[in-house]
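Asker: Pulled these from Swiss-Prot:
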REPEAT    51-84  repeat 'TPR 1'
REPEAT    175-208  repeat 'TPR 2'
REPEAT    210-243  repeat 'TPR 3'
REPEAT    251-288  repeat 'TPR 4'
REPEAT    326-359  repeat 'TPR 5'
REPEAT    361-393  repeat 'TPR 6'
REPEAT    437-469  repeat 'TPR 7'
REPEAT    514-547  repeat 'TPR 8'
REPEAT    634-667  repeat 'TPR 9'
REPEAT    701-734  repeat 'TPR 10'
REPEAT    737-770  repeat 'TPR 11'
REPEAT    799-832  repeat 'TPR 12'
COILED    838-929  coiled coil
REGION    912-1039  region 'Disordered'
COMPBIAS  927-936  compositional bias 'Acidic residues'
MOD_RES   Ser930  phosphoserine
MOD_RES   Ser932  phosphoserine
COMPBIAS  940-953  compositional bias 'Basic residues'
MOD_RES   Ser959  phosphoserine
MOD_RES   Ser961  phosphoserine
MOD_RES   Ser964  phosphoserine
COMPBIAS  992-1006  compositional bias 'Acidic residues'
MOD_RES   Ser998  phosphoserine
COMPBIAS  1007-1018  compositional bias 'Basic and acidic residues'
Amino acid sequence: MEGFTLETHASRIIEVPLLGQEDQSVEIDCSSLPSDATELCEILVNEQAPREFWTKFAHEYYIRGLREQAILILKSGLETLKDSESLCILNANIAAIYLSMAREAMLKKDTDLRDEQLRNVRTYLEAANNIDSKSEINVLLHGIYRILLNPTDKESLENAARCFDFVLQKSGGNILGFLGKARILYAKGNYRSALKLYQRALVSNPQFKPDPRIGIGLCFWNLDMKTDALSAWTRVQQLDPKNTVVDTYIGLYYYDLAFQNVNNDSFVQNYGKALQHIQRAFKTRNNDPVASSILERYVYSKKNYEGCIKLAENVIQNSFSSSLIADGYYWMGRAYHQMGNNEKAMASYQKAKAADDRHLLSSVGIGQIQILQNDLTSAKLTFERIAEQNQSCFEALVVLGCLHASDSKPDLTKARMLLDRAFNLVGSSKLPRVVDSDLYITQARLWEKEDTKKSLGFLTRALDFLESAHMSVGPELLNNIAVLQYHLGLIPEAHGNIIKAKSVLPDANPELSLLLDYNLARCEEELGNTSVASEAYVSILEKHPSFIDARIRKCLLQLSNPNEETFKEIRHIMNADSQNLEVRAFFGWYLSKQKRRPVEDPEVRHCSQTLRHWHDDIYSLVQLGNAYMRQAREFRVHNDREKLKRQKLYIKAIQSYDQAIKFDPKNAHAAQGIAIILAQNRQFSKALLILSKVREAIKDATTLINIGNCLAELKQFSRAIEVFETVYSSTGESDTYGVLSCLGRVWLQRGRESKNVDYLKESVRYATLALEKNPENPSLLFNVAFVQFQLCELIRQKPENSRTVEDLNFAMQQLDASIETFTKLVSVEHPPYSPTSIEQRAKMAKNTTKRQLERAIQAQIEYEKSVAAKLEDARIQREKEKARRLAEEEALLKEKQERERQLQEERQKMQEEVLEWRKSQQKASEDDMSLSDDEEKQSGKKKKKDRKKRKSKSKQESSDSGVSEDDEIPLSDARNKTKKRRVNRRVISEEYTFDQDSDAEGNQEEEVSRTIEEKQDNDITDNQDDNKELNLFSEEDEE
C-alpha cells in the first residue's frame, strides 16, 4: 500500500527551520539525499523539527526504495517526539512500510520474510492503537494487515471488512476505505457491490494510484460485461502508458474474444491483438504469471513443447494463485504428454491436481495417461470422479460411457445414461463440438430395446452428420432407421427410407436385398396396399421358399377373406416348422380367434404344449394368461363353488403373467393383465399403480380406459374425467359411445358423492351423446333414464334455500322423460335388466316420486313468496333509515354554516378594533418621544457627569475583581447586553387576535410578553451559535 499514510506530493527541496532562529533554515535537496540517513536524523533531532519533517524525509527515502532508511528516520522521530499524536502517526507510518515489505515478500513466495514483516507490522500497529485506537489511519492499516495475514480466510476478511466499514462510517469519502471494502467484496464474489465502491473511489479522486479503474474492469469482467471492462482498462492505459499490468488484462480480453469466435474471420485479428498486448507485458515484466500462462498456450499450439515447459515453470515460480500454478503444471503435463514422456506427464498432472483440487483438465489428463498405461479400472474411477464433480464435462462422460460399454461385463444401463448426458450437453455448449457418427450409432444400439424413439433420434443424428460431411451413407443405416420408424408408426417415412436404401444397395449383397424387399412389403401392408404387399410376399417366396416370415405374412393377409386353402396353409406351416417359436406364436393367435369348445380350449392346449419345451417363451406365457383371464370373466357364478372355480382361473392367469415378468421384467402386456385381474377383485390402488407404468409402453386406448375406471372407483373423479376426455379426443367416431358412457358414469358418481346438480347435468349430457352415437343400444337408453331419475331426486332432496321453482320444474321434466324411457324399455327385445324390475322402477317414479316432486314445487312456491315479502320489508326499512340520516346531515350542515358566518363577523370586528388600537398607540409613542428629546437636551450635562462617576466606580469594581481595563469584554457578554436593550422594546405581533372583547387588554399584555420571550430565546440561540463558530475558529488558529 504505497503512499498509504505518507504525503505523496512532498517538495523536492525541504527547508528545516533552525532552532531559535525564526528567519533562518537549512535547505536539503531531496534529489541528493545520502544513502545513510543518520546525519539527517541528527539534524532533525538538534533542530527539534516538527513531525511533518520526519514524515517528509521518510517518504523521500521510501519512494527511492531505501525503506530501511525511511524506517530509521521514523524510529528516530519516535525517540525524539513525545506528543501522543506524533507518536501515533509515526508508528502508523512504520507499520505501513512494513506492510508493503510483507506484500513484496509474499509475491516472492518468501514465507519466512513475510511472517517476519507481518510481526513488525503487528508490533508498531499495536503501539499506534494504544495511543489512538479509533484513528482512521490505524483502522485502515489494521484492515490491510488482516487481508495480508490470510487473504483466503473468511474470518480475516470479515475483520478487515469491519475496519473499512468503521472508516467509511466515520469519513464517508475515504478512498482507501472504498478500495479496501471493494477488495473484500471482490474476494467474496460480490462483484456488483465491489463495482459500486470502486466507482465511488474513482469519483472521489480520478487521479488516485493505484487506479480504481483496474478494479472496475475486473468487476465488469466477472459480471460478463467484458466490453465495459475493456473500456476501463483502456482508460487506465491512456492515463498511464507505463502501466503494463493493464496490458495483461487487455490481452486477456482479446484472447477470450478470439476463442468465442473460432470460426469467424475476426479470430486471427483478435488473437493477434491478444498476443501483442501479452508480449508487451511479458517484455516489461517477464515474471508476470498471467502473461506467461497465455503465452504457454500459444507456444504449445506451435508444437514448441520445450518452450511451453519453460513458460509453465515461469508461471509456477512467480504465481501466488493456486489456479495459475495448477494451470502451469497442466500445460507442462500436456507438453510431456505430446513428447511421449508419460511418467513426467502423469507427475505434472498430479501436481496440478494437488495445487488446485478443482482443476478439471488435470484430472482428464490423469485419466488419459491411465488409459495409455492400460489401467482401465483406475481410469474408470478417475473419470467417474470428474463426472460427479463437473456434470457438464462432455469429454469425461463420453470416455466413461465408452469404458463401461467396452468392459468385459458391460454395464449397458450406466453406459446409456452417461452417453445420453454427453449428447444432451452438445446442444447447449457454446463451443463447437464434433461427434463421430459411430458414437451416435453406438448410442442408438444401446437404447434400441429401452427407448425406440430415442434410438431413432441417434440414428437420425448419425445420418445428418454423414450428409453434412458429404460422406457416403450405407443401406444398413437407412434400413435401421426405417425399422425403428415402422415400430413407432411412421410408416410413410419408413417406406421412403427403404426405397433410398435399395437405391444405394450394392449388387453383390443378396441377403440385404431380401431383407429390404421384405421390409418394403411390410410397409405396403401397413399403408393399406394389401395387394401390393401380397404380390411382394409371393415374389420373395419364389426366390426364397424357406423364408418363413414371408409365408406367415401372406397367410395373415389371406385371413381377411379366408377359405379352406388358407386354413390348410396355416396348419402346413405349423407342421412343417413346429420348432419355430414365431410360427407357434402365430398359430396360437390363430386359435384364439376361433370358436372355443366348452370342454377344452385349443388355445390353452397349444400354449401349454409350447411351454413344455420352451418354458421361457414370453409370448406363450402372456397368451396363456390372457386365455385363463378370458375364461374367468366369461364364467357365470351362481354359487360359492362356481365362485371358487373362477378364482382359480384368475390365479392361473396371474401365475402365467408372473412367469412372463420373471423372464422379461419390462413386459407391459403381462403387467396389464395382472392389473386387470386386480381391478376385477376391487384392488384398484394396486391396479392403478401398475397401469400407470404400463401406459407409456402400450399405446392403446384400452389402457387409458382401464386407468380411468380405476380412478373413478378410487373417487379421483377429476383425474378420471381428464383421462376419458383424452381417450375421447383420440378415438374414432365409431368407437366413441363407450368412452362417452364412461364419462357419464364418472360424472354421475361425482355428482352423487358431492350432491352437485351441475355434475349430474353433465352426466345426462354425456349419456345422451353416447345414445346418439348408438341409438339401438338398450343399455345406453337405460343409462339416460337412470341418470335423469337421479338428477330429479337430487334436486328434490335439496333444502328450500338451495333450490328454486325453476330447478324443480326442470326436475319434473327430467322425471317425465325417465318415466317415458323406462316404459319404453319394458317392451325392448333384449333389455339390460329384467322387464319386471324396469316396470317397477317406472311405476315408482310415476306414482311416488312425481307426487313428492309436486308437493315440493308447491312448498317451494310458498317459501319463495315469504322470502320475497321479508326482503321487501327490509328494503322499505333501509330506505326510511337512509332518508332519516340524510335529513340529519342536512340540518347539521346548515347549523355549521350559520356558526361559521357568525365567527367570520366577529373576526372582522376584532380586526377593526386592533387596527384602531395600533393607531392610538403609535400616536402616543410619538408624543412620548418628542417629550423625552426635550428632557434629554436639558439634562445632557448632568448625565455626562453621572457617566464619569459610574465609569470610575466600574473601574474600581473591576480592579477589585481582578479584571483590568485592557481585558476584552467577551463577545457573548456584549451580545447579552444588546439583548437586554432589545428586551425593553415592546413588539406586538401583527397576527395577534382577541379571544374575548372583555379581556382584550389583558390578552394584549400576555401576547407582548410571550413575543418578547420568544425573541430573546432566538437571540440567545444565535449568540450560542456565534460563540461556537468563534471557538472553532480559535482552535484552528491554535492548530
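Our numbering is plain: 1 for the first residue shown, then up by one each step along the chain.
Every residue, even glycine, has its Cβ placed from backbone N, Cα and C.
Explain the structural surroundings of these features, please.
Answerer: Taken residue by residue, the repeat 'TPR 2' (175-208) breaks down under DSSP into 28 helix, 0 strand, 6 coil.
When Cβ-Cβ distances below 8 Å are used as the criterion, the repeat 'TPR 3' (210-243) is approached by residues 175, 178-179, 182-183, 186, 189, 191-192, 194-195, 198-199, 201-202, 249-250, 253, 256-257 of the same chain, each at least six residues removed from its ends.
Beyond the repeat 'TPR 4' (251-288), the same-chain residues lying 6 or more positions past its ends with a Cβ under 8 Å from any Cβ of the stretch are 221, 226, 229-230, 233, 244-245, 294-295, 298, 314, 317-318, 430-432.
Residue counts for the repeat 'TPR 5' (326-359) under DSSP, split into helix (H, G, I), strand (E, B) and coil, are 27 helix, 0 strand, 7 coil.
Residue counts of the repeat 'TPR 6' (361-393) by helix, strand and coil are 26 helix, 0 strand, 7 coil (DSSP-based).
Here the repeat 'TPR 7' (437-469) returns a mean pLDDT of 85 for the predicted model.
Through the fold, the repeat 'TPR 8' (514-547) approaches residues 475, 479, 482-483, 486, 491-492, 494-495, 498-499, 501-502, 505, 553-554, 557-558, 560 of its own chain, all at least 6 residues removed from its boundaries and within a Cβ separation under 8 Å.
Residue counts for the repeat 'TPR 9' (634-667) by DSSP state, with H, G and I taken as helix and E and B as strand, are 25 helix, 0 strand, 9 coil.
The DSSP breakdown of the repeat 'TPR 10' (701-734) into helical (H, G, I), extended (E, B) and coil residues amounts to 28 helix, 0 strand, 6 coil.
As a summary of secondary structure, the repeat 'TPR 11' (737-770) carries 32 helix, 0 strand, 2 coil according to DSSP.
Taking the Cβ of Ser930 (phosphoserine) as reference, no residue of its chain lies under 8 Å away while being at least six apart in sequence.
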Asker: Sort out the residues at least 6 away from either end of the repeat 'TPR 11' (737-770), same chain, that have Cβ-Cβ distances under 8 Å to it, and list them.
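Answerer: Counting only partners 6 or more residues beyond its ends, the repeat 'TPR 11' (737-770) has Cβ contacts under 8 Å with 701, 705, 708-709, 712, 715, 717, 720-721, 724-725, 727-728, 731, 777, 780, 783-784, 787-788, 790-791, 794-795, 798, 807, 814.
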Asker: Kindly report the helix/strand/coil residue split of the repeat 'TPR 3' (210-243) according to DSSP, in that order.
Answerer: 25 helix, 0 strand, 9 coil
Asker: What does the DSSP secondary structure composition of the repeat 'TPR 4' (251-288) look like, as residue counts for helix, strand and coil?
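Answerer: Taking each residue of the repeat 'TPR 4' (251-288) in turn, the totals are 29 helix, 0 strand, 9 coil.
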Asker: Residues of the same chain, at least six outside the repeat 'TPR 9' (634-667), with any C-beta under 8 angstroms of its C-beta?
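Answerer: Apart from its flanks, the repeat 'TPR 9' (634-667) reaches 615-616, 618, 621-622, 624-626, 628, 673-674, 677, 680-681, 697.
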Asker: Which residue counts does DSSP yield for the repeat 'TPR 7' (437-469) in the helix, strand and coil classes, in that order?
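Answerer: Counting residues per DSSP class in the repeat 'TPR 7' (437-469), I get 28 helix, 0 strand, 5 coil.
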